[in-house]
């Protein structure tokens, strides 16, 4: 309750100082006197930084920055400007959620994390990039913020579940929450990407097994290797639960460079998250659909690299789902799973929330790809992951708070402009002439 008022300007906190001048837009705003130097508290800071659009980076830019003369000072100057902008943009949208959702303890907790992280970042806006102690403290702050936000996804999911249990869901609220969560989680993925890159490059704790990685990015990500890893781990879970599991049939075609291993510049953990989730779904459907037969058809995976796209198609024979249910699989508000407890980051991520598919789709869309489902009811389902083959085209997809976004939350959703068929058969006898 207090946090909602805080973001809306109902309560003031300690004054925060001038804005960073790392970009022309922020610098000019500060120089013209329109910056937040004279404003008090979090609301003024959020309003100021939300006026600026986030700066999307391409995979190539991430790669070039980390591999060619990686400079901690440059990263410091960019992140102290960019992170507040990304945080503020999504914080403005959080404040537009229904009041009853904002009052849930879980959403309050998420808001407190974002406020604290924003304030910690703004402590560096006037500090010199030439001061070694400042650079060290900033990296330490970045790692602390990253760890603080570990449980953002399940905690926000818990808040939505709390709201749903207490107040139910109407179509308008469901549509707005779906719109918000897609943008909120995409923002979270992007913020974590920046935090991870800085902490892995300059935090001194890079994994020895990932020496060729540039932060969290593998310049030569072996797609088939990641797919096999996801399959084996999903298979272990399937064997534990069903005491059996379907085999994997994998085929790869490198149409771009025939005969060579399929490799792309990508974040292996993102690809792993997607294929692991799809394997779990495919295995469960296959085991349950063929339970009475005792013979389980294999899961087929085709990997193709073309000039523009890397495509991964996973096909199962798990019985499929009706067309009308496909959209529900990506709906955050639809999950019928029992509410799990959010305890620590060591818990199985998103277990029980039904968020696996929508979050996986966001990972695919983050660098301009996509994830789509095509189902043949009674037979099985094809899941297709699209990834940009060129690192120059793999550019972050970032939400921006603007008038169009504001209107989406505030617009009155009118009646459908298409006829809605009746659930009951029409009694045609009423139209008979006497």
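Any Cβ shown, glycine's included, is placed from N, Cα and C.
Bear in mind that the values here come from a model prediction, so they are computed numbers and not experimental data.
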Per Swiss-Prot, the candidate from 73, 372, 403, 407 carrying the annotation N6-succinyllysine = 403
What is the number of other Cβ atoms found within 10 Å of the Cβ of residue 136 (phosphotyrosine)?
-> 12
Averaged across the domain 'Histidine kinase' (161-391), what pLDDT does the model get? Just tell me the whole number, please.
-> 91
Give the number of CB atoms, excluding that of residue 277 (ATP binding site) itself, located within 10 Å of its CB.
-> 22
Entry from the recorded positions list 280, 403 having the most other CB atoms no farther than 10 A = 280
Counting Cβ atoms within 10 Å of each Cβ, the densest environment among the modified residues 241, 242 belongs to 242
With neighbours defined as other CB atoms within 10 A, the best-packed of the binding-site residues 283, 356 is 283
